[in-house]
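**Q** Annotated sn-glycerol 1-phosphate binding site per Swiss-Prot: LYS12, TYR159, LEU160, GLU161, TYR162, SER163, GLY164, GLY189, GLY209, ASN210, in sequence order, evidence recorded as sequence analysis. Annotation comment: Swiss-Prot describes ASP14, SER40 as Mg(2+) binding site.
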Amino acid sequence: MYDISGWKHVFKLDPNKELSDEHLEMICESGTDAVIVGGSDGVTIDNVLHMLVSIRRYAVPCVLEVSDVEAITPGFDFYYIPSVLNSRKVEWVTGVHHEALKEFGDIMDWDEIFMEGYCVLNPEAKVAQLTDAKCDLTEDDVIAYARLADKLLHLPIFYLEYSGTYGEVELVKNVKAELKQAQLYYGGGISNAEQAKEMAQYADTVVVGNIIYDDIKSALKTVKAVKGE
C-alpha cells in the first residue's frame, strides 16, 4: 500500500478531456508521485474506466476523485471524496457523500478512502459554479476553513483549489502554518516549473492539471521542480 503523506507532486487528469497515449505515457513515467483522475463535469463510468485501464499499464499510483457516484469503479489504489467546505449547497458538503454511503457503504474498503476538505477560491472555475462556492473570502475565512478541516473534522487532506488561476502564495503559506495533521494540497493555475516550485515551499502536495493539455513539456518540468530531483 502506498503512503499518500509522502506525495509531493501529483498530476490530475480529467477523464472528459482528450489525452494522447504518448502524452499519457509521459505523465505516468514522469516521476510524479501519483495520478488523480477527476473533473467537474462530463465524468462518466465509461471515460473513468478508459482512463483507469490506460493508467494501469504503468506503475504509478492512481486515485479516483469522486465527483459522481455513478462513475465509481473498483481498480483504483485510492478514492478521494471531496467535501466543498465553502459551498452554499449542503449536497456538496455532506449530501452526495450520504448518498454514496447509503449505496456503497457495506462494500467500501475504508483503508482506500480519504476525505478532502476543499476550499474553492476561483469564482470563475467550473467547480465553483457547480457547487455554488462562496469564493469572496478573506484570509481569516480561509484559515477558519483550514481549522475546521484540520482540528474539528480531522480530515486527512485540506485542498486549496484555485482551479485555472494561480493562487496567493502568502495565503498558502499562512494556511500551512495552521495545519497540524491535515496534508495541504494546492491546485490551480500552475503553468511552469517556477510556479510549481514556489507553491511547493508551503503546500505538502502540488497538483498540476490544466497545463497537461496546453503544454505537456512545461507540465513535465513541474515534477523535478517540486521534488527537487
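Just so you know, glycine gets a Cβ as well, placed from its N, Cα and C.
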**Q** What is the nearest of the binding-site residues LEU160, TYR162, GLY164, GLY209 to ASP14 (Mg(2+) binding site), using the Cα of each?
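**A** For ASP14 (Mg(2+) binding site), the spatially nearest of the binding-site residues is GLY209.
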**Q** Determine, for the sn-glycerol 1-phosphate site, the additional residues of the same chain whose CB lies within 8 Å of the mean position of the CB atoms of LYS12, TYR159, LEU160, GLU161, TYR162, SER163, GLY164, GLY189, GLY209, ASN210; present them in sequence order.
**A** ASN122, ALA125, TYR186, GLY187, GLY188, ILE190, VAL207
**Q** Three-state secondary structure of SER40 (Mg(2+) binding site) from DSSP?
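**A** For SER40 (Mg(2+) binding site) - judged by DSSP and reduced to three states - the answer is coil.
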**Q** Counting every protein chain present, what is the number of Cβ atoms, excluding its own, within 10 Å of the Cβ of SER40 (Mg(2+) binding site)?
**A** 17
**Q** At a 10 Å cut-off from the C-beta of LEU160 (sn-glycerol 1-phosphate binding site), count the other C-beta atoms across all protein chains.
**A** 26
**Q** Which one of these binding-site residues, GLY164, GLY209, has the sparsest Cβ neighbourhood, judged by other Cβ atoms within 10 angstroms?
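**A** Candidates: the binding-site residues GLY164, GLY209. Fewest Cβ atoms within 10 Å: GLY164.
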**Q** Per the record, sn-glycerol 1-phosphate is bound by LYS12, TYR159, LEU160, GLU161, TYR162, SER163, GLY164, GLY189, GLY209, ASN210: how many Å separate the farthest pair of Cα atoms?
**A** 17
**Q** Would you count the other CB atoms within 10 A of the CB of LYS12 (sn-glycerol 1-phosphate binding site), including those on all shown protein chains?
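**A** Result for LYS12 (sn-glycerol 1-phosphate binding site): 19 neighbouring Cβ atoms inside 10 Å.
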**Q** List the same-chain residues at least 6 positions away in sequence whose Cβ sits under 8 Å from the Cβ of TYR162 (sn-glycerol 1-phosphate binding site), in sequence order, or say none.
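**A** When sequence neighbours closer than 6 are ignored, TYR162 (sn-glycerol 1-phosphate binding site) has LEU121, ASN122, ALA125, TYR186, GLY187, GLY188, GLY189 within Cβ distance under 8 Å.
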**Q** Where does LYS12 (sn-glycerol 1-phosphate binding site) sit in DSSP terms: helix, strand, or coil?
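**A** In the DSSP reduction, LYS12 (sn-glycerol 1-phosphate binding site) maps to strand.
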**Q** Work out how many Å separate SER40 (Mg(2+) binding site) and GLY164 (sn-glycerol 1-phosphate binding site) at their Cα atoms, rounded off.
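**A** Rounded to a whole number, the Cα-Cα distance is 13 Å.
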